[in-house]
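Feature annotation from Swiss-Prot assigns domain 'Era-type G' to 2-169; the stated evidence is sequence analysis. Here Swiss-Prot flags 10-17 as region 'G1', drawing on sequence analysis. Feature annotation from Swiss-Prot assigns GTP binding site to 10-17, 57-61, 119-122. Annotation source Swiss-Prot lists region 'G2' at 36-40. For 57-60, the entry in Swiss-Prot reads region 'G3', with the evidence type sequence analysis. The feature region 'G4' is assigned by Swiss-Prot to 119-122, with sequence analysis given as support. The domain 'KH type-2' annotation in Swiss-Prot covers 200-276.
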Amino acid sequence: MKSGFVSIIGRPSTGKSTLLNSICEHQISIISSIPQTTRNKIKGIFTDKRGQIIFIDTPGFHLSKKQFNIALMHNVHSAIKETELILYVIDIQDKPGIEENEILTIISKSKINFLVVINKIDIQKTKEREIMIFLEEKGIKKDNIIKISAEQKINIEEIKDKIYENLQEGPLYYPEEYYTDQEMNLRTSEIIRGVTIKKLKEELPYSLYIEIEILEDRKNKLFIKANIIVAVESQKGIIVGKGGKGIKTIGEEARKIISEIFEKKCDLFLQVKLRKNWNKNPKLIKNLIN
């Protein structure tokens, strides 16, 4: 039996979280077209008769010098150090740039085995030729490259096969039925944050986080009270919406997902609260992403 830890890295919006969810066959990580949706190192677990793979989904790699983004990049680097294999995900629509050079340099210095995963092959207009030339120039062997569509689940089984080829014999780190090690509080807050980001599109994704005040199982029914925290007063109105319609829609969708995932009915109560300039508070940022 084989087992091991695998980090998933790549630029923002390359489909890392979609890949994780597709392999593990559960919604573990937030999926959004908005860059930098993933903040924490999210673990997904896949177990079959061959063994167990523990995936670590990481924030999108970029070179921004903003305080919040530097903290996110710390998560990327620490995830790489924890793993036996790296999945480097490239969006087939993106022409290789500075980030690709930087990521391959980091991978090379780590001395860790890696696979290059070219994602979104179901899309018509691509930069496949440029990507393949770039990888060839970097000395990446074709055996280390796999082309997939995480969203359409094309070549997902092939990825699993390739991963197991690169892992050593080892124990099961988690019980077979586990597909994530996230605590209920974190999973719940990530669901609410994901729904909020989806509804707001590009307006506020970096300026909000979710604070769970109460999460209780009351007679096989979840009771949840949560706050959507924003950094600026004007952002409250954007989330609440006209006549409270915005926050009501967020609550309804989040409640449905929470009920489906935890297989229990759910009472969810949401409020929007201001915590001025929270995204410039180093201590709070550290707590949120670790």
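Every residue gets a Cβ built from N, Cα and C, even glycine.
Across the binding-site residues listed here (Ser13, Thr58), the residue whose Cβ sits among the most other Cβ atoms within 10 Å is Thr58. Remark: secondary structure over the region 'G1' (10-17) totals 2 helix, 1 strand, 5 coil, with classes taken from DSSP.
Within 10 Å of its Cβ, the residue among the binding-site residues Gly10, Lys16, Phe61, Ile121 with the fewest other Cβ atoms is Ile121.
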